[in-house]
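Colleague: Swiss-Prot feature annotations, pasted as is:
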| type | residues | note |
| --- | --- | --- |
| TRANSMEM | 4-24 | transmembrane segment |
| TRANSMEM | 38-58 | transmembrane segment |
| TRANSMEM | 68-88 | transmembrane segment |
| TRANSMEM | 101-121 | transmembrane segment |
| TRANSMEM | 131-151 | transmembrane segment |
| TRANSMEM | 175-195 | transmembrane segment |
| TRANSMEM | 214-234 | transmembrane segment |
| TRANSMEM | 259-279 | transmembrane segment |
| TRANSMEM | 290-310 | transmembrane segment |
| TRANSMEM | 323-343 | transmembrane segment |
Amino acid sequence: MSNAITMGILWHLIGAASAACFYAPFKKVRHWSWETMWSVGGVVSWLILPWVVSALLLPDFWAYYRSFSAATLLPVFLFGAMWGIGNINYGLTMRYLGMSMGIGIAIGITLIVGTLMTPLLNGKFGVLVGTAGGRMTLLGVFVALVGVAIVTRAGQLKERQMGIKAEEFNLKKGLVLAVLCGVFSAGMSFAMDAAKPMHEAAAALGVDPLYVALPSYVVIMGGGALINLGFCFIRLAKVKNLSIKADFSLAKPLLISNVLLSALGGLMWYLQFFFYAWGHARIPAQYDYISWMLHMSFYVLCGGIVGLLLREWKTAGRRPVSVLSLGCVVIIVAANIVGLGMATN
């Protein structure tokens, strides 16, 4: 396995670790509605950071974006909005199915859809099946899906042992939302593929290969921001017991703490895709679809490890922890299979 591929996998792991940890600061926010907290973090992660980073990278910020036609930018924006819809559905999926089943189904579907639809739509799937390296990477995708399923089973055992139930369990509604969440969340993978002309233009301007995807985030995350912030603002305006005015009328020390914690959560959220861009840059072009598989499977892996480190599994018993450990090992094996496949001609 080449150093470039190894580093690509490592950067995806670091990005996924940030994704697994980003909600920790949000949990410390007090006396704010979820909508206000999510909006403040979202403004940082979807608007401020993509714009600031792009302004630092590009020699002429406005000229870069003006150089693209609407036919190039619109699909990138719409796929970003598609991913934003998946974000909203994610929370509802957890509500009706519970954390473990919801995450397992949603992540499993988005892993498959986001990974395999791109080569299918681009007419490259036959090439992948017809080469030794392609077949090995596809095997790695399947093994990763098995790993996600095992971790999901561990979560179910944990919830059963600890008496944790879904807020409003509804299997039919939850499954529909999980499928929608999985499909729409794959919009980020599609957006990255649609943004290739933007990446190439950034490279032509002399932007380092590690950073060429970052300017496209202004458009991708702009689409996601429209959906997420729109959802939050509508709820803040229409739901009687929600009030952004009340949330910002707290005592100054608590208000500052809430803003900083939400901003930190937003920063950590952004970093997952900052390092995703680095990892994506190191993956061979013919296997760029694998970036999404690595990100999502590592997200599940890191989520399990973080849960163990935070002692969330302390009272779950030995069997759930053993099953979780097995699932994590399977995901690590999947990453190695994919890495070997990418290194095979």
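Cβ coordinates are placed from backbone N, Cα and C, and glycine is handled just like the others.
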Colleague: Should anything in the same chain at least six residues away from the transmembrane segment (131-151) have a Cβ under 8 Å from its Cβ atoms, list it; otherwise answer none.
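Modeller: For the transmembrane segment (131-151), the list is 104, 107-108, 111-112, 115-116, 286-287, 290, 293, 296-297, 300-301, 303-304, 323-324, 326-331, 333-345.
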Colleague: Among 101-121, 175-195, 214-234, 259-279, 290-310, which stretch has the highest count of C-beta pairs below 8 Å with the transmembrane segment (38-58)?
Modeller: 214-234
Colleague: Compare 4-24, 68-88, 175-195, 290-310, 323-343 by their Cβ pairs under 8 Å to the transmembrane segment (101-121) and return the stretch that comes out on top.
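Modeller: It is 175-195, which has the most Cβ pairs under 8 Å.
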Colleague: In the same chain, who gets a Cβ under 8 Å from the transmembrane segment (259-279) while lying at least 6 residues past its ends?
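Modeller: Result: 7-12, 14-16, 18-19, 21-26, 28-29, 32, 37, 40-46, 49-50, 53, 188, 210-214, 217, 221, 291, 294-295.
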Colleague: Checking distant contacts: for the transmembrane segment (175-195), what same-chain residues at least six beyond its ends satisfy Cβ-Cβ under 8 A?
Modeller: 75-76, 79-87, 89-90, 92-93, 96-97, 101-102, 105-110, 112-115, 117-118, 122, 213, 216, 219-220, 223, 273, 280, 288-289, 291-292
